[in-house]
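Since the structure comes first, as structure tokens, the remarks are kept for the end.
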Amino acid sequence: MFSDVWKMFDLQKVGAKLKEEQVEKTISIILRLPGLLLLDYWFQTTSEDVWPKNVGSTEAINSLITPIVLLQSVLLLLLPLEDLVTLYMHYISAALLVSAELFSRHYVFMELMDSAPLVEESDKDISSVAHLQRHIVALVLHILIAKSVSLLLDLNDTANRVTLAVYTVPIVARLAKIPPVHLEALHNFSTAITVLWAAYYSLGSLPRLLAYLRRSYRSVAHVLFDKGLASAVVEVWQYVYMKPLLLSFWCVLLAAQLYTYYHQQNPLTSSTMVAPVRGTEWYLVLLYAVSEICASPFSLLACSIAVSPLNVLGSKRLSTGQDLKQAGTGEAVTMALLSLQTGLVDLTMPQRVGAMSIILFIVVGSLLQSMHDIVEPILLALSASHTYAVVRHARVLALCTFLFVFPLYMTIFLCRMFEVDFWTLVVVSTCALTSVQVLGALTVYALFLYDAMQKESGWESLDDMVYIARGITRALEFIVALLVVGAGVRESMLLSSEGRPLSWLNGTVLAVHCYYNVYQRLQSGWSSFLLRRDAARKIHSLPCATAEQLDSRAHDVCAICYMEMKSARVTPCGHLFHATCLKKWLYVQDRCPLCATKVTAVRSEEAAERIEGAEEWFAPGQQTDTSEEHGVSSARRDCHLASGEQTDISTQ
């Protein structure tokens, strides 16, 4: 009982720890997000060098602020969480002091407005309820600001707290019936005191800052020396949760862009757009938004990272113990490389929409292919496991139907939307191959279901039918690959005949496609065909076991499938196996499963002699009583009787 209670307590601690880690991750992402927003804004608004030579005063101030903004962005992204919280406390304190200055200026302005044209009238109304309420609110607000800054900066000194409440001086002076004309001077005095205090605090914190920089430098140098630059970058990437941070950054940009579209009167009627949002299809609006936010390398990287969760979300609930941590990484890298190749960031908006549509089609096709690679083993495992849970089958079949129909829809849409050239054909072929592979997987699934319905005896032709179904699928894939190669060669010939230079990128893609999708497919298919043909030839040449041989081994089983043998084939070494089981075994290797003797094709005369010799060995007087549990041991003993010499079974 106490052990169960202790286990529950441990589980609660583990759950609390996981929850704490998740909260820490969420806080880290929220606090680091402004750093990416600042970098993205800086890249889109900066068109000159950081330190221009000939600028006016305003531009000089902007150029001075630029490196400060960049430094703050880097700090927000790379600081440890504890130091990041400290930095935010200083940010909030500075914002509170600025707000105190602005509110004090507003208070002075309101008092000056009420005092016009005669100060004496205002003096008479100074005790009115409205004026008294204004004074009290202003006084309480400045005291709260001073208290908040003291708590954020951990200031325990009374002098510092009093100094932070210096903006209460104009309010106290007004309550003391000092004329409003002196309030502005008192406000300027309070501002000067606040600025001097901020400078004093900064100088006092400088030694601690230098010591922190020294420790950070030593820590970074130690990590770089021990782990190297690549490992250090990966560690920092994981430490700051860069992947979910970029995903959150992309979602914020997309939400802001969609909000802009739907709350402006005519958001897409400017020169950067081609159609208004209202009356436009939703997917076009989404495409415009995704294209427009990819205006900097940071947003482009975030958009590439956003591709990864699509694959994980599409297959996570269907996965059974599969590692999906790296799912979608290939698609993210593909999108980043294609975006760099096309110069997506430098394109103007209409051209960027067209380039983004092509890139997204390629990435979506790759995502569908990845989802098929995850779903196909699950589909075949369901059909072969004799599991009749309708919900599980229906869920997987629904996803397979989507993976079959949606690529076909993409193929038709692409052919109607764009002129069919080499690159379009590459994308179309990827979508078509996904549909063909899904259809092949569904065919094999149906064959396995039919085999599962044969309860008494399995379907002997199952393996051949599965091979035929997969062979047809591979043949269709090979034909599609050949069509792509033909289209690429034809386009190259047309360019050459027109005197235009050949594209090295097209040639590279065509060469890689020829090697992986044509040559390797052809080599793999031909090798598989030769293995099956050789195995079938050997099986047909092996003699069938006679009734006497089967009767003598009535209590023995096939050493491959452990099932009763009603019919069997006799190997050259004298062992009996099911013909189907031995055929599957020979697909993998050409040696006996028991004694490792090489199985070769047997001529008819040799087969007759082997049958006669085997009948002598399997005479009733030489039978060995065996049970189904000791079928393999019986087969091994028969191996010694048939070969007449000892065989080391452990070498199998």
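Counting starts with 1 at the first residue shown.
Just so you know, glycine gets a Cβ as well, placed from its N, Cα and C.
Taken from TrEMBL, the feature compositional bias 'Basic and acidic residues' covers 627-640.
Taken from TrEMBL, the feature domain 'RING-type' covers 558-595. The domain 'RING-type' (558-595) scores a mean pLDDT of 82 in the predicted structure.
Per TrEMBL, region 'Disordered' is recorded for 613-652.
Remote same-chain partners of the transmembrane segment (189-210), defined as residues 6 or more beyond its termini with a Cβ less than 8 Å from a stretch Cβ, comprise 97, 100-101, 104, 153, 160, 163-164, 166-167, 169-170. Annotated transmembrane segment per TrEMBL: 189-210 (among others), in sequence order.
Residues or ranges marked as transmembrane segment by TrEMBL: 245-262 (among others).
Within its own chain, the transmembrane segment (282-307) has Cβ neighbours under 8 Å at 36, 39-40, 43-44, 243, 246-247, 249-251, 253-254, 257-258, 261, 268, 272-273, 275, 328, 331-333, 335-336, 339, 344-345, 349, 352-353, 356-357, 360, 363, 367, counting only residues six or more beyond its boundaries. Sequence annotations record features per position, and here TrEMBL assigns transmembrane segment to 282-307 (among others).
The annotation transmembrane segment is assigned in TrEMBL to 353-372 (among others).
The transmembrane segment annotation in TrEMBL covers 392-415 (among others).
The feature transmembrane segment is assigned by TrEMBL to 422-448 (among others). Counting only same-chain residues 6+ beyond the ends of the transmembrane segment (422-448), those with a CB under 8 A from a CB of the stretch are 358, 361-362, 365-366, 368-369, 372, 375-376, 379-380, 382-384, 397, 400, 403-405, 407-408, 410-411, 414-415, 462, 465-466, 469-470, 472-473, 476-477, 480-481, 483-484, 487-488, 491, 506, 509-510, 513.
The transmembrane segment annotation in TrEMBL covers 468-489 (among others).
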Counts of helix, strand and coil residues, the domain 'RING-type' (558-595), according to DSSP | 10 helix, 6 strand, 22 coil
Per the Cβ filter (under 8 Å) with a sequence gap of at least 6 from its ends, the transmembrane segment (245-262) is approached by 28-29, 32-33, 36-37, 40, 268, 277, 285-286, 288-290, 292-293, 298-299, 301-303, 305-306, 309
